[in-house]
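Visitor: Annotations for this protein, taken from TrEMBL, read as follows:
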DOMAIN    7-86  domain 'RRM'
REGION    98-138  region 'Disordered'
COMPBIAS  113-127  compositional bias 'Low complexity'
DOMAIN    145-219  domain 'RRM'
């Protein structure tokens, strides 16, 4: 494969029975652990069934996602991932807009400017420092190998949560609470392993509006 690494990854062998919106949310939940996502494109046309594109802000994020999720069983089908043939022109064409291409040009220009202006302050440096991750202060119980999640969006399902948590060692299972969409339990093999996942995913946004709150479950 001589496709040059770029910000956009192309995924195929996706389960085409999944509704477009759910598919995009699940892809976001799975891929956003690697870095900021600019856009996800999943079309249900005959030609594009079972395929999706994920555009990352950083090239390194696209590379890590491709390596780590290659063959990942997504809705029971192993994902096949490669870099898109041209960064995000393909998306621009599919959307009938070259806005994405301009964004990419700006990004390259910005990177070049930053390199050239390493000594002097970059022009329009609105916020060169990345914002620190929002730490959510949640009153907590004593450490436990079971985590309690709340403030989950209505569309949360077991698969989404499993995909998020099974990247952490010691993950055992996710338990949803029937009739209550906004809470769930996640079990790990040990308190320490549960603690690592809790710290890493505290405040994670499955959707733009719902920041997940994680505490240790009551013993």
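Placement of Cβ uses the backbone N, Cα and C atoms for every residue, glycine included.
Are these features on the surface or tucked inside, and what are their neighbours?
Guide: Using DSSP to sort the residues of the domain 'RRM' (7-86) gives these counts of helix, strand and coil: 23 helix, 24 strand, 33 coil.
Confidence in the domain 'RRM' (145-219), given as mean pLDDT, stands at 88.
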